[in-house]
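To keep things clear, I will list the structure first and then write my remarks on it.
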């Protein structure tokens, strides 16, 4: 079939008999290709038809890649057989669409579970018309329940932490098929036993040991939440709504309880492929085992060395569990391995194998092979760099990447039918971190080195100074008690209040509080929540002649700045009804951050943080049922605290090939780069544990302590004794304690055992991080972090691999006794001081304000007036020159369309993007896109795609027209309009087709610009068996003339991107706009070449000098 011959290991998997099989596939060992080849072999040899094969994986991207790989192989198989005059196997001889593998069902695990729930909803007492709650909507509902119950909860924790605990416990119960009643019974048993046993049999100890008291407290905290857990479930049932963890929980119940569900599944899918099985939860394993069961031809593919998601419900025992669950009395589970790394060069692979060696030696039930280098692999390089502090480490990482990348070399491109081979791309690069707190200094160092940066996920975003300022302002607007956030604004460079003025403001707050208490009277009381806050003091500033008891009053500069802040707070409070992204934008404008960033070329990299924050706000509003500022800020708070993070619905784009990606190790799984730097390799960071609680034994071994399920409330999970994989986890044997002193010893032992388990998972995480590098790997560490009182020793992983890293490498021989970072002046120049032109602008505004009040200064002499006029005119000319807007390094597809329609308007939008007026048609469009994604994908996933940053100009005009028509004629409701659009889709030819991809993020390059976008859907082409149709849904009316031609550019970009991603010739990629409201398809048949589009963009640049 024109493919390289499979290795003996691959052949053993591909040609295995129809029996349950477990394939241990190391990192980069070609598992997707092997699974696709097995499907083709089974079909070619008549064992199954395509429609009888089911493939399950975790992400839509992985599902798409597997489906596409199978489709390509089946198409090639059919072509070869036809060319040889041989008959086609069963299933390939029917409709042409079968050649694309569309009968091979490839889903996500949760998507498959959701389909099962939809099919059998009535059998488990569920309304079949249920809706799926997005993660944001589920979070918001939980937050509302917490706030409603706040007065009745005996818990000293913030609403955000309680909400996180409620969501975490709900998910943990679902993942392990445990009821709230079972959890409550276990917690009460532990609490009561520890509280009732005597302190000790004999001795002088008189108080309960601290560890015992902590366990009792943890049990009581979780018992406090049982009622909320039950209420959370009850409200979801009332609303016929499911959240993410409900999908598999209910599917497992159906598989276990509904007669015939398993028999039907086995008949439909005699062959099942289970990808990334090491990441499945107990509930997923039980669902699959009850549906397909012992002896079924299910093939589980996974790598126990990459089991890194225990914190989100995955079980490290999944692969062992598969072997037990699918073996029958007559059929053992076949075991195969894939051990050739097709990704890593030799030096990188040597390090990966050394890191994973203890994991292989500890495995008994499953054979884990050492990864082998591929034939013809490069030598690769591994570098080690140890620095005294994290800032020095970050600069060293940036310098290493800059050296390895070298100069950028790119060629032109044309609209050819094959993949683009005319350019020499930069080597892709990434920096991997264990904790998000490591991101800011790394991003700063990369930007200082002139490298483009992409921070994946919310991590790092909240630490950017411009984002933190906007968040601080919004926190002060939302909650007057948040003096901590106000202090960031007051002491920061935006308002620059000195300690003296802040102290005076504090005294004024006390005076206001005393006045309030006198007003209440002696009989009344003032709750803590009603005490005057520092924000109240800003809202009600002291008279100009007021002084405190020491005779101090606010300085004139401080009063002016506080009046400015007071105005900001009042301005934003009046706009709290705005949509969240618009409210964020108002805060950005209030702080003048948009102008500051654009006026200061040196700060331009930071501009990326503001649109990203607004993007997250838009995604939260889109997916939450009743979005508001409070729940959004609470979600930001807990996302900042938890390394695992929370999804707000903002999509995670693919890594930008031109930027240096900064990402956590967990989020890097499934990705790969040419160059990878793994940062922060110090004990306590990688591996991650509390150095203060570690103990060193006599032989020098460091024993690590971890609280496990007894940890902080926000990360609450069920006791390990209730987990479905309890047999492999450390257990707190509380029932064996006869005294509290005994219990103390058992608790300490449990924490050390749990520490060993955490170290094993961290070692697996390190293995994942190292194997992301194709060619070059940098292992870096630092001794001192900002604010640390003690240095951190070199990571054990670094100690292990140092002997096999060739010289030269840089190690830190002498660790400084004091933290070098303490000597640095920690002063943020954000926003930067205004320049002379900006100062003159403020002076002009002051004069205008005075003129409007009739309080004009004395008219200067003519000569002086003439000179001032010349200065103003020169300043205006200078500013107009500076305001020429060139294309940024990255644009969205929507921005390309906007620039083609009106370059001046698009430039103004990029210069200072204005919030878009909410409109009925925009809401309908958003609602339809959310519905169509769920309709085609089978349910909302944790990673929903992001909203375009810039609105389509034509759609804005349609919105205004539609709004006027609605107001004049009393048009149908949004719900009725959406229902008509759904009906229109269901009657379209696409309703019966299975998409290849839905809401697919793509990036392509046009000249010097990286263009990103999200393809609505990709379908097999019914007219051409080996082609596809890229579809873009439109809920407005079809445009005409120049607007239609401009909008077509969007599909031209998507066509190029799909061609680059898949290698599919451009001639086989059709593009269509489908106007849902009218049921009309418009195929775009004329596509400019890449070079033509580049010329258009350059021409648009020449026209973009927006007026002020």
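Note that the numbers count up from 1, one per residue, in the order the chain is shown.
Including glycine, each Cβ sits where the backbone N, Cα and C put it.
TrEMBL has this to say about the protein:
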DOMAIN    4-345  domain 'UvrD-like helicase ATP-binding'
BINDING   25, 26, 27, 28, 29, 30, 31, 32  ATP binding site
DOMAIN    346-670  domain 'UvrD-like helicase C-terminal'
REGION    405-428  region 'Disordered'
COMPBIAS  414-428  compositional bias 'Low complexity'
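Compute the center of the Cβ atoms of 25, 26, 27, 28, 29, 30, 31, 32, which mark the site for ATP; besides them, the chain residues with Cβ within 8 Å of that center are 34, 303, 338, 341, 342, 343.
The average pLDDT computed for the domain 'UvrD-like helicase C-terminal' (346-670) is 81. Taking each Cβ in turn and tallying the other Cβ atoms within 10 Å, the top scorer among the binding-site residues 26, 28, 30 is 26. When other Cβ atoms within 10 Å of the Cβ of residue 25 (ATP binding site) are tallied across all protein chains shown, the result is 26. Non-local neighbourhood of residue 29 (ATP binding site): 338, 339, 340, 341, 342, 371, each in the same chain, at least six residues away, with C-beta under 8 Å from its C-beta.
According to DSSP, residue 26 (ATP binding site) sits in a coil region rather than a helix or strand. The Cβ of residue 27 (ATP binding site) lies under 8 Å from the Cβ of 303, 305, 306, 341, 343, 344, 352, 371, 767, 768, 771, each on the same chain and at least six residues away in sequence.
Each of the binding-site residues 31, 32 was scored by the other Cβ atoms within 10 Å of its Cβ; the lowest score goes to 32.
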